[in-house]
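What TrEMBL says about this protein:
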type	residues	note
DOMAIN	4-93	domain 'Ig-like'
DOMAIN	100-194	domain 'Fibronectin type-III'
DOMAIN	197-290	domain 'Fibronectin type-III'
DOMAIN	294-382	domain 'Ig-like'
DOMAIN	445-541	domain 'Fibronectin type-III'
DOMAIN	660-754	domain 'Fibronectin type-III'
DOMAIN	757-850	domain 'Fibronectin type-III'
DOMAIN	854-940	domain 'Ig-like'
DOMAIN	949-1043	domain 'Fibronectin type-III'
DOMAIN	1047-1132	domain 'Ig-like'
Amino acid sequence: MLPPEIELDAELRKVVTIRACCTLRLFVPIKGRPAPEVKWAREHGESLDRASIESTSSYTLLIVENVNRFDSGKYILTIENSSGSKSAFVNVRVLDTPGAPQDLKIKEVTKSSVTLTWEPPLIDGGSKIKNYIVEKRESTRKAYSTVNANCHKTSWKVDSLQEGCNYYFRVLAENEYGIGLPVETSESIKVSERPLPPGKITLLDVTSNSVSLSWEKPEHDGGSRILGYIVEMQSKGSEKWSTCATVKVTEATITGLIQGEEYTFRVSAQNEKGISDPRQLGIPVVAKDLVIPPAFKLLFTTFSVLAGEDLKVDVPFVGRPKPAVFWHKDDIALKQTTRVNAESSENNTVLTIKEACRDDVGTYLVKLTNSAGEATETLNIVVLDKPGPPTGPVKVDEVTADMTGLIENHDYEYRVSAENAAGLSEPSPPSIYYKACDPIYKPGPPNNPKVVDVTRSSVFLSWGKPIYDGGSEIQGYIVEKCDVSDGEWAICTPPTGIKNTHMEVEKLVEKHEYKFRICAVNKAGVGEHADVPGSVVVEEKMEAPDLDLDMELRKIVNVRAGGSLRLFVPIRGRPTPEVKWGKMDGDIREAAIIDTTIKWEKAEGRISERTQIEVTSSYTMLVIDNVNRFDSGRYNLTLENNSGKKSAFVNVRVLDTPSAPINLTIREVKKDFVTLAWEPPLIDGGAKITNYVVEKRESTRKAYATVTNNCTKNSFKVTQLQEGCSYYFRVLAVNEYGVGLPAETPDPVKVSEPPSPPAKVILVDVTRNSASIKWEKPESDGGSKITGYIVEMQTKGSIKWSACTQVKTLEATITGLSMGEEYSFRVIAVNEKGKSDPRELGVPVIAKDIEIQPSAELLFNTFTVKAGDDLKIDVPFRGRPLPTVSWKKDGNPLKETTRVNIHTSKTSTSLSIKEASNEDLGHYELRLSNTAGSTTASLTVVVLDRPGPPTDPKIMDSTRSNITIGWTKPLFDGGAPVTGYTVEYKKTDETDWTTAIQNLRGTEYTISGLVSGSEYVFRVKSINKIGVSEPSDVSEPQMAKEREEEPAFDIDSEMRKTLIVKAGGSFTMTVPFRGKPVPNVTWNKPDTDLRIRASIDTSDSCTSLTIEKATRNDSGKYTLTLQNVLNTATLTLIVKQNVSQNVYFKIIEKALNLFTVKR
């Protein structure tokens, strides 16, 4: 059985640092028998699903691939078997971009700004947070825009926000490895603030227990809708304001007031952001009924109504207390009926008259009376009714054609009714009959007849109305044609004519010559004709294409990105021209084609889905909705028919962000920077390029980080890059309309450069035809893996260096040398970026055989191995010619067996010991010899094993419940210091042992809690770092009881010699003793009562007697007696006085200072 052990490497005891996206490997050797169970865990219970764990009986390996910031932390390893358990931990720090900032809060919101606060990220990515990036987006948009890319605080005020809009905000931390994860506001933030106070407050009314107030809305609602108003009041003499009403309108009545009490009122507005400052009523209000004399508030005193309709006369008034109301009509009290009645309230009286008639016309008087006085008002009511009939008879003075609605030549009689606002009166008596007639004549000829257009089968004519219509409306026109070849006229219109003043005469014979004439028709008949001047040959009319560009289209047409581009161009031509739209430097993109009469096509490029082109015989129109920068350019319009061709162009400038810069190239790459160069975008978006934004991202990441957002040149040096990492770069142009499209490097750029030269070059060996050299790695690999080394040589007297070998290791042997020739050598390192400068061997080499005295290169002189494990000791050596090798152990030649063997090569010798045991420990000697000399190397092998058992366990003491046991250290410590002991005990009649203590450092221990009267035996085990020994021999049985021991003195022969004291001096005799039970102690001296003469001090294990100012009488024998239940012990001590004053007294000393003499 072997308790579990964990051997953490020194590197794992430190913080393990690893770059993000790399692989974490934690290799930990373990021991234990039986093989322990292995458990890996994270400190806070994080999942290890991404980790692969491999465990054997001798090691455990945890691997996490593609680590990220969340893999940082403490990894706890626990191993356990039946002999115990052991735990250890490894701290891992992943160098990554930071985690998300914590606890993002909205500290303050105003109508144009929002103040954010946050805490640093829990995970800083293994690097100090340099700054924060603050971003915003409107809730209606998906993309964030940067507010501040270099915030060094954990708060920021985002201003210049649109009042009333909703925004999301997010914050990202940045360290030297890039921009981390964002923390975002969970809900959108409305940019608003508390409203301003309400406007002027007006006192509307006051009674003994209520007050009515009104107020104006606040001048500004803070960007959010007013949700309501809070009315507060304060009693006179009080400092407390209490809420008395909450309303959504701009007036309120506060009830429950105390009569005679004085109150002050104030009103606050409330929106979703909070409550405004209050607006106070200018004067305090006393709750009491007001006494106001009656008074009218009429706007006018005359009221009109149509007969038969209802009339309601509202008479407002004021008065406190409520006045009594009296109505009179024509000085008589108004009699109220179901048709006429008056109703009164506190502030008005209403007179209602239903179906008014002439009886209701008159003067009405209203009288108001209360305790403060009275008031009267006179009202006039007018009932509007139809008038009476006019008086007859009706006379007709004249009949003309201007009268409408009459049928010509019919007889009519006439009557008249009067009309006012109320309606028509009864009609007058009728007149005699009159005939409706007016003299008319045939119309004159149509005006200005002409040919408008001619085709191969028709002629288009137009004309104007006759100057003279003959006194009758023109009812139509008749068109006639005459083929000159036969001279006959034919009507082209229906017999009744046509209403229009234009006509297309169809079905004419091509190439024939025609004449045309036109007549007007009215009620009197067909008028005189008008001839179309000349004759017309029917054939297709040819007209070259033409177009009319508006003046605005002759300038540059500017349109904002996202808007619509409309190019309307009138066109003409016969036959109708074919229309072609083209774009000089790109594509026309089109969504739908509306082509009413003409075929069209696009000059070049593809058609997209956002362009509409409409073409008719008289115009063409191009429409592009939601334009962007790519719609800028020259638009060509081409018209073409049989008569010719016409072209024009329109320059369009879309005011947008720029297109991508072009020709982005990598100008220079070093191990920590990259220099970029580019050319301006082809499309500047209609505005000057103000600057460029340069961004980078590691090839293992998806998000770009801003390097600079204010580059004003066409090149930039990106510094502080991680050597050996691969990056993508992109550049975006900026104009007054924003940031444009990016130009990105198509492939990642590895940040590296040619390596530095190899380090020190050393000559390893030389023969008559070869030389072996080795070298150290370059100080820097330039950020890329070293792919190999080139070895070059130069013959003495030559200036030419030639490559003699290429290797991938740090050594090379150059063969084919000429004996006695002198050579120089140099080495060049190579990576994917190129060759380093060469490193030359310090001295030239002559090709010849050399002798070298043997030497061994031992790094250590002591080698340690655990019992049962294998040990291999490698000893590199040098020597020319090849030295012979011999091994000795403890002065004797080492005997090789199947378990112990030696293997020797040209450069080293190794000693292998399988399953090491105690017989392998000792001193070993290695001897190397050749013709140049010999050398010896000594080394020691220590085999670590469990220690031997402790020896000589014995009972030191006992009581009724405790027994003390002691022992001796083991003879063999197992090659490692004994770190402690395990004490076990059992009753003599039991078989199972009980552990009293483990890892005890001393060699004595008291076992407590034993059963009084029971007999026990004990054993002890040794412990070192390898394990626990076998148990010691069992102690003698010991009963748990008070131990009995005869009294005895613990002094030797020296203490029994005579004590010489000086007269007048002082002396003390101290005697240690033992015995159980503790013996009684008695000091005696013949003829002397020592209780008076001496000072006696006694404990359980020691007694002392002291005499001051000794005299001759103090000389003599002193008897010390010990007595307990077992026996009695006696000790005699002799004291003599020295009579000589010049003699110093002998002091016999032991560790306990048994005798002390004072001079």
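Glycine residues also receive a Cβ, built from the backbone N, Cα and C atoms like all the rest.
Across the domain 'Ig-like' (854-940), DSSP helix (H, G, I), strand (E, B) and coil residues number 3 helix, 54 strand, 30 coil.
Along the domain 'Fibronectin type-III' (660-754), the predicted structure has mean pLDDT 90. Note: the domain 'Ig-like' (4-93) comprises 7 helix, 54 strand, 29 coil (DSSP; helix = H, G, I, strand = E, B).
Applying DSSP to the domain 'Fibronectin type-III' (445-541) sorts its residues as follows: 0 helix, 49 strand, 48 coil. Per-class residue totals from DSSP over the domain 'Ig-like' (1047-1132), listed helix then strand then coil: 11 helix, 48 strand, 27 coil.
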